[in-house]
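According to Swiss-Prot:
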type: BINDING; residues: Gly82; note: anthranilate 1 binding site
type: BINDING; residues: Gly82, 85-86, Thr90, 92-95, 110-118, Ser122; note: 5-phospho-alpha-D-ribose 1-diphosphate binding site
type: BINDING; residues: Ser94, Glu227; note: Mg(2+) 1 binding site
type: BINDING; residues: Arg168; note: anthranilate 2 binding site
type: BINDING; residues: Asp226, Glu227; note: Mg(2+) 2 binding site
Amino acid sequence: MISLRDIVEKLFNSEDLNYKESYQLFDYFIKGQIELPLQTSILIALKLKQETSTEIAAAVEALLDNTKEFPKINGDLAGIVGTGGDGFNTINISTTAAIVAAAAGYKVAKHGGRSVSSKSGSFDLLESFGVNIELSPQQTKECLELYNLGFLFAPFYSEGFRYIKEARTILKTRTIFNILGPLINPARPNKVVIGVYSKDLILPMAKTLINLGIDRAVVVYGSGLDEVAIHDDTYVAEIQNNQITEYKVSPVDFGIDTYAIKDLEGGLPEHNREIIKQILQGKGKQAHNAAVAVNVAMLMKLYGKDNLKQNTQEILELIKSGKCYQTLQNVISFG
């Protein structure tokens, strides 16, 4: 076993960790074997030197090895998730997109937690709707199979997360745990859209996904947002057959107007709930509908539907029908 002292010494000297060292470090983290002051120092040291794809992949495996097992789902399973930490406090776009994608017929396992650095995390929102976020893995699987949608609350699956919550709250800034969050879904979706908070993270995240054996994915950075943007360009790394293709898309590629980022501003969970309820019931504002639709359209690309304009139009029509709200109601009733 590699000593924590040796690992910390390397980080404080701005040296990259190898796979074994990073795995060991995050095994220490998730088992509560690192004191709070040292936790914060390690997270800052990693951030300052910038995390490598090797460090991230090893950390993912360490955390997944310490999570509750989720029953295998037959067929394709999707994930739509952002790292968080983009600082804009928008409405919960990826969570809404997950619900809409499920209504469109795609099986989606949404993994996440409560807010760390924003006003409303995905599961703060879901709780405000009355979703039971602590269903057993078997119950969540049944919900997924019935309604195409299952919510996996990170602290329920990884009880060790309680050991790192205080450090993340104290720091109130983006850390490697923002990067790890989208990668440690116990349901292990094989088709994922992951938004990152920095353009510099696109390639490391894409390389990590390949290391983890994900067969189809896109990593997106939306000009400041950790999702596909409707205010400006979105930078994309698409993964297929272990190859990474980089490109850029803009609102015109989705056949939508360009909107201001302030049009997506959110607030506390109760405020966001009312906005998202309107979207799902077909009464949402154009900017809100568009933001959700482009993210689902990008997911559809992973299923062989390459026409982003057509995808977006299809989803906008579904949103306007109001049928998406029933999908959420089904999940609430199930719990």
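Note that Cβ sites are derived from N, Cα and C of the backbone, with glycine treated the same way.
Swiss-Prot feature annotations superimposed on the structure.
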residue: Gly82; record: anthranilate 1 binding site; DSSP class: strand
residue: Thr90; record: 5-phospho-alpha-D-ribose 1-diphosphate binding site; DSSP class: strand
residue: His111; record: 5-phospho-alpha-D-ribose 1-diphosphate binding site; DSSP class: strand
residue: Arg168; record: anthranilate 2 binding site; DSSP class: helix
residue: Asp226; record: Mg(2+) 2 binding site; DSSP class: coil
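The distance from the Cα of Ser94 (5-phospho-alpha-D-ribose 1-diphosphate binding site) to the Cα of Gly82 (anthranilate 1 binding site) comes to 7 Å. Counting every protein chain shown, the Cβ of Thr90 (5-phospho-alpha-D-ribose 1-diphosphate binding site) has 25 other Cβ atoms within 10 Å. Separating the Cα atoms of Asp226 (Mg(2+) 2 binding site) and Thr90 (5-phospho-alpha-D-ribose 1-diphosphate binding site) is a whole-number distance of 10 Å. Note on Arg114 (5-phospho-alpha-D-ribose 1-diphosphate binding site): other Cβ atoms within 10 Å of its Cβ, all shown chains, come to 19. Using a 10 Å radius centred on the Cβ of Ser94 (5-phospho-alpha-D-ribose 1-diphosphate binding site) and all shown protein chains, the other Cβ atoms total 25. All protein chains shown were included, and the count of other CB atoms within 10 Å of the CB of Asp226 (Mg(2+) 2 binding site) stands at 28. Between the C-alpha atoms of Arg114 (5-phospho-alpha-D-ribose 1-diphosphate binding site) and Arg168 (anthranilate 2 binding site), the distance comes to 12 Å.
Thr90 (5-phospho-alpha-D-ribose 1-diphosphate binding site) sits 20 Å from Arg168 (anthranilate 2 binding site), taking the Cα positions as reference. Cβ neighbour counts within 10 Å, taken over all protein chains shown, single out His111 as the most crowded of the binding-site residues His111, Arg168. Within the same chain, residues at least 6 positions away in sequence whose Cβ sits under 8 Å from that of Glu227 (Mg(2+) 1 binding site) are Gly82, Ile93, Ser94, Ala97, Gly195, Val220, Ala291, Asn295. Annotated pair Arg168 (anthranilate 2 binding site) and His111 (5-phospho-alpha-D-ribose 1-diphosphate binding site), C-alpha to C-alpha distance, rounded: 18 Å. For Gly82 (anthranilate 1 binding site), other Cβ atoms within 10 Å of its Cβ number 28.
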